[in-house]
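Pulled from Swiss-Prot, these are the features on record:
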BINDING   Thr74, His264, Gly265, Ser266, Ala267, Pro268, Asp269, Ile270, Asn277  NADP(+) binding site
BINDING   Ser83, Asn85, Arg89, Arg99, Arg121  D-threo-isocitrate binding site
SITE      Tyr128  site 'Critical for catalysis'
SITE      Lys175  site 'Critical for catalysis'
BINDING   Asp232  Mg(2+) binding site
Amino acid sequence: MAEFTPITIAYGDGIGPEIMDAVLYILRQAEARISLETIEVGEKLYKKHYTSGISEESWNVIQRTGIILKAPITTPQSGGYKSLNVTIRKTLQLFANIRPAVSFHPFTRTLHPNLNLTIIRENEEDLYSGIEYRQTHNMYESLKLISHTGCKKIIRYAFEYAVKNNRKKVTCLSKDNIMKFSDGIFHRVFNEIAKEYPQIDNEHYIIDIGTAKLATTPEIFDIIVTSNLYGDIISDVAAEISGSVGLAGSANIGQHYAMFEAVHGSAPDIAGKGIANPSGLLNAAIMMLVHIGQGDIASLIENAWKKTIEDGVHTFDIYSEHSSSKKVCTKEFAEEVIKRLGQLPMTLPKASYPLIVKKQESKIEYKIDTTEVKKLVGTDIFINIHVFSAHDIADKINKLDIGNFELKTISSKGLKLWPHDLRFEIISDHWCCRFMNKDGTEIKHLDIIILLQALSKANIDFIKVENLFEFDGVACYSLAQGE
């Protein structure tokens, strides 16, 4: 008797239940060797005051199966609710998000008939973590956290993926011309790891020009690896220019768990109308089948789906009088795919996946390197005070007894405003005061506490402390513009 793989099914919100029903119908008719356990997540849970959108019972099911097929969910835009997608990815340590973008020309509309690329997006870090604060009446903050180990994991995965899938080139996208540390470490790790794969071409673009090239000449790309937020944006660009965002599926891969989902959202504006395209979730299910070693079923379904597309049987989002023969609803599309099980596409590439998945050989060192000498050399203290001139702040602080510290600069939003020959007047209630040790010796935490006490006695409202470090004698903090 064939062994059945347990799968967690999440129907999601909006069009989620409709497209999930269609996909499961196809999986059953194709005799996929899976057993299903259903969980309730998303909007219904938010309304029950689960701020994460998921219950403990659902976590237990996911932990038991290890594999999730998830339809899109709706995250309330009001405050206090966290994205379920991000929560699942981070909790299960699904560090790699794989998003293929392929043209199905001439059967779907596209300006890029030769498009065939895969975006590999870091999935746990970056601004997308959603770590945010309101610090003053006027100022809000989002934290961009990038780790050395996180960069190594995703970039190593991208090159291993290229090798296993016979890809020729890996392109890195970052913004390290501006963000020297966070995006800088991503680019540096890319350069280091690329040297270990001489058979794979490598290149780097700044994210803005890279995105422009993706939108206009996507044919030049093969594999793109990038950080979380950039990857989220460019994968939608790639999916849209391929013909429709409704066609794209994605995989979220970790060491112990995996989640498969469509790229698109829950589309509540068309929910319940029966017109949604299930192809994105179906392609995600195909990726899932390959992942669990059922390449035969994955090939069977993908070939039937491609034959359906070739035959011009299209849902509303990709229907065209020039390339379509029949406009169908969600359920009808599933039935048309099922009719073609066992058939092969005539023009589009035929799918042929192995029965046994080749696990990626991990060469990643997860240990944090602590050999660099770390030295505390200063501190940035952010204060909330509503004045028009940094000179007024400097005059007040310089009258205080702040021990062995000296006030070096005052800036706002990264622009140095003191000391300066010109007295800039700006509207701000958020200032960064940089303090350094007068004699250059190492600072102790107690010194900073004494400094904060002096500010507190002067009724200066400090809202954040960011310590300044050298690693092996190299200053590892940014300078303000003009510093």
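Even glycines carry a Cβ here, placed using N, Cα and C.
Overlay of Swiss-Prot feature records on the structure.
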residue : record                          : DSSP class
Thr74   : NADP(+) binding site            : coil
Ser83   : D-threo-isocitrate binding site : coil
Arg89   : D-threo-isocitrate binding site : helix
Arg99   : D-threo-isocitrate binding site : strand
Arg121  : D-threo-isocitrate binding site : strand
Tyr128  : site 'Critical for catalysis'   : helix
Lys175  : site 'Critical for catalysis'   : coil
Asp232  : Mg(2+) binding site             : helix
Ala267  : NADP(+) binding site            : coil
Spatial neighbours of Asn277 (NADP(+) binding site) that are distant in sequence (at least 6 apart) but have CB under 8 A: Ile19, Ser244, Gly246, Leu247, Thr315, Phe316, Asp317, Ile318, Thr330, Phe333
Cα-nearest neighbour of Tyr128 (site 'Critical for catalysis') within the listed binding-site residues, Thr74, Arg89, Arg99, Gly265, Ala267: Arg89
For Asn277 (NADP(+) binding site), the three-state class that DSSP assigns: coil
Fewest Cβ neighbours within 10 Å, where candidates are the binding-site residues Thr74, Ser83, Asn85: Ser83
Count of other CB atoms lying within 10 Å of the CB belonging to Ala267 (NADP(+) binding site): 22
Those recorded positions of Thr74, Lys175, Ala267 having Cα within 10 angstroms of Ser83 (D-threo-isocitrate binding site): Thr74
Other CB atoms, at most 10 A from the CB of Tyr128 (site 'Critical for catalysis'): 23
C-beta crowding around Asp269 (NADP(+) binding site), within 10 angstroms: 8
Cβ packing number for the residue listed as 'Mg(2+) binding site', 10 Å threshold: 20
Sequence-distant neighbours of Arg89 (D-threo-isocitrate binding site) in its chain (C-beta under 8 A, six or more apart): Asn97, Asn123, Glu124, Asn252, Met259
Around the Cβ of Arg121 (D-threo-isocitrate binding site), the count of other Cβ atoms that are within 10 Å: 27
Cβ neighbours within the same chain of Lys175 (site 'Critical for catalysis') - under 8 Å, at least six residues apart: Asp183, Ile206, Ile207, Asp208, Tyr230
Site extent for NADP(+) (largest Cα pair distance over Thr74, His264, Gly265, Ser266, Ala267, Pro268, Asp269, Ile270, Asn277, Å): 17
